[in-house]
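What follows is a single structure, written as structure tokens, with notes after it.
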């Protein structure tokens, strides 16, 4: 089968940094145990499973504050998605050692919100409800940050401030953000805007929009909780006009999707381990619709190959 390997794809620097921080924590014998991650360090189950083998445990819950209630001692790692100031304060009050793996792009958004709300602004924040990144951003100034995800949310806004600013979750579709920003500007013509789609997200979306149209089908390798992976599939369908499916790994690929397909494009979310994506690429490159010996779908990447290598400090 013809395979278009969309580039760039896969890991971004924020994800790699977060994983290296967590990996170094696992290697640091001086850190108090147990070591917990407040939510998924990045949105990929293969990564969290690999960290568990290294003795770092991922805690889950509806929000970071509730997750933190599960921890009474040891070390906590804040994920790449960021946390609210309240979470940081409670971790400190509990006497926990806190390690911050927040993506620098997310930190920049938090700083923008803090600066503008201190100057009297209300913030209209475009993001996905229930996702940890908006949770942390709203938590910077809960009374001043208004989360919107849809046109209905914008219609429901009732803001009277002369000082309004729009910003957004870093992993949203840039086209969705643009459309929602335009609706907000229609309602509040005096609003200022500061688009915060991170560069890694933007170039990956643009690559799909430009390259997926050459294929009959797009496969996005990424975790179901990965917003940027889901947005890549959306971009393929809505911008490039090519049917797309998101899979967590090779085991989720369906042979019926390949019927009548001559060329498939493949990309991966920013938190998808490279070996997982390479395994899917190898299968598709070897797949022949008339050769049953190429049809076997079997994931074989061991957890030991998932995490980046970190040099041990001497």
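Cβ atoms here come from the backbone N, Cα and C positions, even for glycine.
What Swiss-Prot records for 12, 103, 198 is [4Fe-4S] cluster binding site, and it gives sequence analysis as the kind of evidence. The annotation (2E)-4-hydroxy-3-methylbut-2-enyl diphosphate binding site is assigned in Swiss-Prot to 43, 81, 131, 170, 226, 228, 271 on the grounds of sequence analysis. Marked as isopentenyl diphosphate binding site by Swiss-Prot: 43, 81, 131, 226, 228, 271. What Swiss-Prot records for 43, 81, 131, 226, 228, 271 is dimethylallyl diphosphate binding site. Per Swiss-Prot, the feature active site, proton donor maps to 133; the stated evidence is sequence analysis.
Features as recorded by Swiss-Prot, highlighted on the structure.
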| residue | record | Cβ neighbours (10 Å) |
| --- | --- | --- |
| 12 | [4Fe-4S] cluster binding site | 25 |
| 81 | (2E)-4-hydroxy-3-methylbut-2-enyl diphosphate binding site | 29 |
| 103 | [4Fe-4S] cluster binding site | 25 |
| 131 | (2E)-4-hydroxy-3-methylbut-2-enyl diphosphate binding site | 19 |
| 133 | active site, proton donor | 27 |
| 170 | (2E)-4-hydroxy-3-methylbut-2-enyl diphosphate binding site | 29 |
| 198 | [4Fe-4S] cluster binding site | 23 |
| 226 | (2E)-4-hydroxy-3-methylbut-2-enyl diphosphate binding site | 26 |
| 228 | (2E)-4-hydroxy-3-methylbut-2-enyl diphosphate binding site | 27 |
| 271 | (2E)-4-hydroxy-3-methylbut-2-enyl diphosphate binding site | 29 |
Using the centroid of the Cβ atoms of 43, 81, 131, 170, 226, 228, 271 as reference, list every other same-chain residue with Cβ within 8 Å of it (recorded (2E)-4-hydroxy-3-methylbut-2-enyl diphosphate site), in sequence order.
-> 42, 80, 133, 171, 225, 227, 229, 269, 270
May I ask which residues of the same chain, at least 6 positions away in sequence, place their Cβ under 8 angstroms from the Cβ of residue 43 ((2E)-4-hydroxy-3-methylbut-2-enyl diphosphate binding site)?
-> 223, 225, 226, 227, 229, 269, 271
Rounding to whole Å, the Cα atoms of residue 81 ((2E)-4-hydroxy-3-methylbut-2-enyl diphosphate binding site) and residue 198 ([4Fe-4S] cluster binding site) are apart by 12
Those binding-site residues from 12, 198, 228 that fall inside 10 A of residue 133 (active site, proton donor) by CA distance are none
Three-state secondary structure of the residue listed as 'active site, proton donor' from DSSP?
-> helix
Which of the three DSSP states, helix, strand or coil, fits residue 103 ([4Fe-4S] cluster binding site)?
-> coil
